[in-house]
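First up is the structure itself, then whatever we jot down about it.
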């Protein structure tokens, strides 16, 4: 409706004299001016009149025109129109000028003067604002923008409410609006929710919420969430409890209660404005208003000379868009992807594209950080930026890698648990850069111990020079797995670090691929020595023509800057490298050893061999002499070892000679191994030198950062790429277990309504790679040990018929990874995997005169292939709190460098197992994930390639993670742990708190939290609940620390003032006899400690050898006896169950025979009345028996299947002949750290949980999409961009995904959950029995017609079910319960007969047309050690690609109902067409045992 007479408005030209701008809003500017007609000072509000602002101008004009006569509203003098020829016209509102400015400006000026408004002044301003709002509400007007900047003060202290641009008229006092509009910090929850709501819910109570926020603003100087992005602020308003004053204890109870009443999240329970004005906080003001006005006038006068403070430009949100003055509305993209309204791939990609174009590389997914490599990530940040992320919550700042470091640091201090940060993604996605930024910020947070942080940063820089190299897609790629274990003392000050390196890609040293650059340190070293003119000292030549440097004649054009092509910069880098090593206590001799080893490796690469008959000989012997001189080894031994080796056969040593090709391979293996030992030596020395500051400053706390290879694919992929990608595959599996599977299982076990989380489970792919004996890595090991080539690998892969590992060509295999399918060349697999260095060469190096080189080849290796070294014992400051870290000490060595050699595959498997164990130590271990994504393939700043990003999103499960964080509970804590952490937030310090469920609920209610859930033993928190509690915890801890520091200062001052200063030497000298006794006592203790060493080694934590030999036979006897006792109890329990079952069968048999004897006389059919309903004729109904609920998880029985598991260490002693043992091989399953406790509780998960777990693990509901993931080729070549095939299927997938939940809930599963949760197994059909033995496959192969007839006959009637028959014995038509009167399931639970809860996954493998011999044999599903089922391999290898699941769930036989004919649930007749009662026999109903009634048709037998 038009209120403004636009055409008749006068022109303001020559009517006003404009002075200065006094305010600026989103839609207008306000100026102080003088009206020339009457010299009156007025306020001019000028705004553009266009289509966007027309409605707001009309509404503001109507409000000013009709209601400006109220004393708390500004006077309205008129409106004018200024025509503009080049733009929209301007509308000038002329209003009363308030010389005092805004209320919030006065508050901030007082705060700058270290003064604060008293509560009565705040109450007066709020009361006057309430009166203005009541006047508007009385006239059915919603203001919708009440805040401190819109409350004006006159020079005499009057209060005026202004700015009606967002005000709107409603139909009645309780009328509703439905537009999400306003300033974010002052929005009520219903206003924020209006963006998603379809019905209008905004009433005048929204102004009450804004009034409460304004009260906080006047008290603290700024509103809550003032420093947050609008999306973060709106998310906090909805999800978290209402905000409070910054320091509530500094204010009275009345103002806190007023704010609490105003900020009621439920709009229906929130008071009206007329009720708020009656609150004691406002009514207890003094009646003399003139006094209050004079006080405010004095404060205005006091703050007049204070310089105007800078204010951020105003903004407001309008239906998902952010508006600022003179700027186009920008769509509001959330910083947290878990806050997306409609989480689909398109919305996520659009949000990421917008953020990266705005220069924002990071986004949150709840508590997980998503990082996009924008090709311009900063390496250095000022101290002010670091300070923004110090002890802050996740939502207080923009998403950044520093927030992950800050949260991990706080969790480490609060929970006293080590924190892990795992970075994952493909190559060049920014993992190593983010890891370095994490370390920088952690050094900032832990700064305090002199020199500790500097040594840590320098050490990391030196290690990266050793292990980084250039690849075709990354000029600074990390070529190993690095663990940075940063240690901190009790107070959080950094004390040092422990560095662990695994899987160094040492083969890179000698590779012939020119596109793969060598490690950076080689280029640094050579260019530095060349610049220093020291080449002759290290037997090097002047040109860079070294085979291992791989320097091309001409530098090829590249978008990346490689270290190889920057000789000038390399000089400074190597100088920095040596300075770092000097700073961390490397002596000159050790630095010289490093130089000589690097020079020797370069020379080894230039050794040439020539053919001498059948064997090889060294062509350039002068290089061999130079190498022997550098390494200080015997030249003749070294020369001989290059072309000869010793073969021991039958106890006889024979000399063998290499061929030319074998000699080259041996030379390259020596160079690679020498470099690997050098890197291990340097890292071990760094760890050793770091141990002293850790002992001095303490190392009770730790944060471990895991930086590793990125997932990669080149034009030719070998064994190195297979290992790298398999490691990433395992890290993805660990992510799935922690984010998805653990949550669903815990929710089901705790009786929480289980949600359906979908993700792509890559366990089957990993099983095909790592499971013994058919996993690909075991196949490679078999080929390597049997000296076979790739033919054996290709044959074994072809025999598996797996869809995850396939034969691609004659020499190539394809592996379906979680990112896509990659092709690997197997021709060099076996040679590379052997990693064989001749023992003769090892012995040559052991005889080196250089102590460091001798040490590198003398000490043993760990199972991961790393060098061990002797560490000096350092006395810790507090031995009671000393922590042990994974150092490569001598006690960790178990592999000789000469004997018992391990393959690279064995080292790789042990490394993967070690990493999984470290990340899965306990359920409450803090693991923080950083998911890194590469934004493009062109290396352009802020470039965004949608197909590339989308493929990585699919691989990393970004969409599934968003849904999981929206619906799930990321934190799950036991009651005692939860109350131990947070009880002081809601309970008094002297209040007794029991660790119960009720107290957990009381804590949540006192804190006004929402979204949580309580299970039987655990608290379930959403990620924003956990963040809110952490923020409260941090605030309270700061207060505690401040109080403690003040009390300590007070006590210290009292002691000094009272003269109670403790002085040393106060005690006089003791008698010489006493001194002699003390010396003798100390000497005797020292002598005994030397004579009797401790039983446990302090460094390794293991028993010494003598003690272990003494204890071993007793421990073995005790263990065998314990196992025997367990087996006896197990066998006794099974015998007892068998006796119970036999007794029941005996009773059943006796009563059955007795009943049949009474029913031998047949009843004529014509005498049966089918319509009889008289109870007197039918007889009384049996009385139902009261039954106790039956729960398997309450039975104190634990599955002992693991005792006979061949993979278990106990069973290895019992079944030594059944294992394929290999020397020093670890047979532990690759996923053993993630397998759950094999107890009966885990076996007793309900069918619903199993159904959902199988659905998400196998993607049975979206088979096409899951097939697309592992069948799609993974390709990374910036020169040849390929269309992402997944993009073409996205629309169909999104449509299917949106309707997934409804389809899932409406699916007919054949069984239904009971309404009660007391019995999670109640209501499920019993499993069908195995079919009768069938003829062999040869019989059917020769008689196909007989096979067809038998198949049709079996499918014509349901299989018999004796368990269902027993159930029906105790029921009548009036009893709807499904529990038996006796515990027959308990009898069957430990027998081979399947239980009722397992019926839904059993399947008859009776497919037509199959020639397999066991196609008609009943096959129960396999069991893992956890007791949970997984799909049979046959299902995964089906040609349809449907994982073998949809048939098991969708085509299952429905169990017969209670009202079916008893014959259908008892034994089936041979002739299924018999329908008459005469053929069926006579109907009999008789109680054969107490509570057991037999009813059915009887025939003579």
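If you go along the chain as it appears here, the first residue is 1 and each next one adds 1.
Note that Cβ sites are derived from N, Cα and C of the backbone, with glycine treated the same way.
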Site co-member for ATP according to Swiss-Prot, given 22, 23, 24, 25, 26, 27, 28, 29, 30, out of 45, 81: 45
The annotated region 'Actin-binding' range in Swiss-Prot, which must be one of 847-868, 869-890, 891-912, 913-934: 913-934
Phosphoserine: annotated position in Swiss-Prot, out of 183, 1461: 183
Where residue 145 (active site, proton acceptor) sits in the secondary structure, as DSSP reduces it to three classes: coil
Helix, strand and coil counts within the domain 'IQ 2' (1072-1101) (DSSP): 20 helix, 1 strand, 9 coil
Rounded distance in angstrom between the Cα atoms of residue 145 (active site, proton acceptor) and residue 183 (phosphoserine): 7
DSSP-derived class (H/G/I helix, E/B strand, else coil) of residue 183 (phosphoserine): coil
For residue 183 (phosphoserine), nearby residues of its own chain (Cβ under 8 Å, 6 or more apart in sequence): 145, 147, 314, 315, 316, 317
For residue 145 (active site, proton acceptor), the number of other Cβ atoms found within 10 Å of its own Cβ: 23
